[in-house]
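*Asks:* Below are the features listed in TrEMBL for this protein:
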- 45-66: transmembrane segment (TRANSMEM)
- 73-94: transmembrane segment (TRANSMEM)
- 106-125: transmembrane segment (TRANSMEM)
- 132-152: transmembrane segment (TRANSMEM)
- 158-176: transmembrane segment (TRANSMEM)
Amino acid sequence: MKPTNEMMRFSLKNTKILALLAVLSALAAAGRILFAPLPNIQPVTALVVMLTLLCGVRFGVLFATLTMVVSNFVLGLGIWTFGQVLGYAFIALLTGLFLRPYRQKIPLWMMALFCGLMGFVYGLIQALLIAPIYGFAYFWVYYLAGLSFDTLHATGNIVFYFVLAPIFLPLLTRLLQKYTC
């Protein structure tokens, strides 16, 4: 059974949905911590995109916020945590506004490329948010110096989407049908 818009409208007051959000965030935080030795390679962006496609912007933003805060308890909390949350909130917003209405029609490879592009968008947002600290005169230096890391982030996003989407999207669709019907 294909998910419909009616099925994908659920309340965060539903305890099963909140439990699902908590478990998914914990798994993503664990994945982020597990991949921490690899620079900017993590499953979070692909998961934010997938969850936003199925559950909407609000769920995607909550998932990203929980994932960043929980994983940063281990990796280090700081002013950058706000930037990370804001970056992923923007990615969830872009996904929700431009892709979610067409999620059934977009091929896997195009979604994977979108995830790759989001790696560069995330890097740009981080550079823009850090610019007031280092000074706007150094923005381009900071941004260009980070492009190699953004490229790794984009490559990781593409690979994670290709690997996780065929498994994760049908599984999550079944869970959402079970919890909302």
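Any Cβ shown, glycine's included, is placed from N, Cα and C.
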*Asks:* Under a Cβ pair cut-off of under 8 Å, which of the recorded stretches 45-66, 73-94, 106-125, 158-176 contacts the transmembrane segment (132-152) most often?
*Replies:* 106-125
*Asks:* Is the transmembrane segment (158-176) packed against any residues at least 6 beyond its ends, judged by a Cβ distance under 8 Å, and which are they?
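*Replies:* Same-chain contacts beyond the flanks: 3, 7-8, 10, 20, 42-43, 45-47, 49-51, 53-55, 108, 111-113, 115-116.
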